[in-house]
Structures are given as structure tokens and as C-alpha cells.
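**Student:** Feature annotation from Swiss-Prot assigns active site, proton acceptor to 14; the stated evidence is sequence analysis. Summarising the annotation, Swiss-Prot assigns active site, proton donor to 42 and lists sequence analysis as the type of evidence. Marked as GTP binding site by Swiss-Prot: 13-19, 41-43, 306, 332-334, 414-416. Positions annotated as Mg(2+) binding site by Swiss-Prot, on the basis of sequence analysis: 14, 41. Annotated IMP binding site per Swiss-Prot: 14, 15, 16, 17, 39, 40, 41, 42, 130, 144, 225, 240, 304, in sequence order. According to Swiss-Prot, the substrate binding site annotation covers 300, 301, 302, 303, 304, 305, 306.
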């Protein structure tokens, strides 16, 4: 029998999911994206060559792996085609390997215009979105007025729906935000061009996944962003617009929870966050700058500098519960090399002095102070280590303490950006 393995982020995104998905797809027949859009940025390094993916699943660089985009993903046709062409220029036969659900909501120019106009209007109170139209596209979906990829192949029906949508959204853009209107004919013509390009890649992804499952094939489910950015379970309102936690798999792919065999939670050996929102362990000192520089902490999608802080066991415990995590993958351990002491956040202290667990909304984080447990660092290099025994004793103790604090095993340790710089203690597909 095949196994269905999930890879998802347990922090605020940017945990290193792309590398791990790429590593594990050696065993998979298919990789499926089930939520988010091209706001994701998954970086792969193979033999020193770097590839950044936004919409296309991270298995695309492996021959014989089918890459699927499930119905829960919002698709910007222009961004998708740019990504396809860029990979094809490197010799990757993307159109042979990629199939897309016609039920995916479309991100069009008016979604991008709305997203950017809102962030501009919020000023200092902005959420910190990527400005790529993700939120407005999900809003249209939930309001049951959105256009889907499948609509592209019925020109008259598409044109009628597009006209109604532009009447609605242009009214807001022009009258409320004082921004220019989106042109109907230009948008329609562009969409019809994309229709021709996308049609050969259409597939009932849900049916395909169940066919693969019944045939005993291994399937990888690739999450985007991180658990603390989940629309329901994250630090609301500083969240994304989809369910980044395990619940999003069933709704975004059509594969129910009973069929999921192993859920791998990816966590950095420290913590980062992009954009606005609470971050209890954030560092504003030289160590924060050290982590950012050593870890190359700049967003793969936006290029924005990431905020850096100590490892937070509190948010990880919440993520483990919410996702039913089977095991963890600890990434970027090598970034901590050379630090004399390392702190782990074990709780939050409120203004009354009581130690509490993770709050459920952003406002409740105000006034909380992290409670730290200090551990010795290590001077030796962990970069490229392939076995646990190669790691310094202090690094092994750090890993063991994290396991104790969060109540989940660390099954994989990443010791560098390349797919081969990895220690696998328990393989998810085993």
C-alpha cells in the first residue's frame, strides 16, 4: 500500500518546506498543492543550483513525479505561465508533469489592484500581504461570485461573469480607493489567451488522487505558508486567507483526513516572520541581525527582510495539536553554529505574572513576555552533517530538549540548503 504524506509549516512560513518536499518526492508518484497561491515561495537547491517556485509543486524537478494543483489553490494565470516558461528555459518539461484542477479560483488584475489599494489605505496598520491578490480572490470564492479556471473555456459565460465582477469591483476601486478602473476588454482578451495555454493541463485532480491512492502509489501533499498564518488558527488578522493547517488538505484536494498517513511539521531551529503581526521572541539586537544574515532571511516571494527571533516552543505545541503532527523536521540548524548560548521560549508571561500558552488572536499577544530556558551553544560546524552522531553534543542536546518541550519526535534535521545536507532519522514514507 502507498502512503499519503503531508509536509506543512508549523511557524509563520518560510520554514524550509520546499527543500524537504523536493527531498521526499524521490519516493512519491505525485505532489499536490492544496491551498494558497503564488504568495508562497519554495526554494530548492540541487547541486548548488537554486530554483524558487511559487505555484508549481516542488516535485517538478524530479522526473516521473506528477505535479498537481488542487482546487484549494488560487491561480494567477500570468504568474503561472511566467513560472512555467522560466522552468522550461532550464530544460524542465513542466507541461508534461503539471496538471491543474479546473475548480481553482482565478486571481485576475482586479484582485491585485484591490489588494494593493487596501494595503496602501491601511498605512501603518497594513497586514503585510504580498500584494498579489490572494485575499480578494478567496473573498470572491467565498462570496460565490468568483471565476474559476474552468470558466475560461466558455467564452460567453466567462465574459458575462467578468462584466458583472468588474462592475462590482471597479465601483469600489474608483469611488472608495480613488484608483483607476480595470479595463474589461483588455482583461477578457488576456484571459482568453491564457485559456488556450492552460486547457491541455486541466485534470480532475481529486479523481486522479483517489485513483493513485487505490493503485497503492505514494502521494505528497505540499503545504504553503505556516500554521500561525492560518485564517482560523493563526494570529488573526495578521494571517493569510486560506487554511494552512492540516484541515485545508481535505477541502483543498478532496482527499479526506482518514487517508492521511503521516503529517510532517517543518520548523526552523529559530523563528522568523515576514510582515506585521505579533512575534513574542523577536530579537532587535546583534543576535537577531546575526540570524538574519547567516540564515539569508529574505522572502523568496517579496524579497522582504524577515524578522528573526529565538525558537518558540509555545507556538510549535499549538501547531502540533492543530495539525495532528506525526513528526517534525528541524531546519537551518547550521545557522545557530557559533552562538555561545541559545534561548528556547517555553511559555509567555502576562502582566499578572502568570505563564500562559499561545493566544488565539493578535491583540491577546499585547503585553506578553517570553519565558526563556537557556542552553549552551556550540562552536563546531553542523553544516552538511549526514548523521546525528556527527553533530556536536550541545546541538544534540538542543534537539532533544525541543522534542521534550513540544512532545513530538524530530524525524528529519536539515543541516544546509542542498537536498543532500539532511539527516533522516525516520523516513515519512517508510
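We number each residue from 1, going along the chain as drawn.
In case you wondered, yes, glycine gets a Cβ from its N, Cα and C as well.
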**Student:** Which one is it, among the binding-site residues 39, 41, 303, 304, that lies nearest to residue 16 (GTP binding site) by Cα separation?
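**Tutor:** Its closest listed neighbour, by Cα, is 41.
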**Student:** Do you know offhand how many angstrom separate residue 306 (substrate binding site) and the residue listed as 'active site, proton acceptor' by C-alpha?
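**Tutor:** Here the two Cα atoms are 9 Å apart.
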**Student:** Just give me the nearest neighbour of residue 302 (substrate binding site) among the recorded positions 14, 19, 43, 130, 333, Cα to Cα.
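**Tutor:** Given the candidates 14, 19, 43, 130, 333, the nearest one is 130.
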**Student:** DSSP secondary structure for residue 19 (GTP binding site), reduced to helix/strand/coil, please.
**Tutor:** helix
**Student:** Among 14, 15, 16, 17, 39, 40, 41, 42, 130, 144, 225, 240, 304, recorded IMP binders, what is the largest CA to CA distance in Å?
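**Tutor:** Per the listed residues, the maximum Cα distance equals 34 Å.
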**Student:** Across all protein chains in the structure, which of the binding-site residues 43, 130, 225, 415 has the highest Cβ count within 10 Å?
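**Tutor:** That would be 225, with the highest Cβ count within 10 Å.
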**Student:** Say we define neighbours as other CB atoms within 10 Å of the CB. Which of the binding-site residues 13, 16, 303 has the fewest?
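**Tutor:** With the binding-site residues 13, 16, 303, fewest surrounding Cβ atoms within 10 Å: 303.
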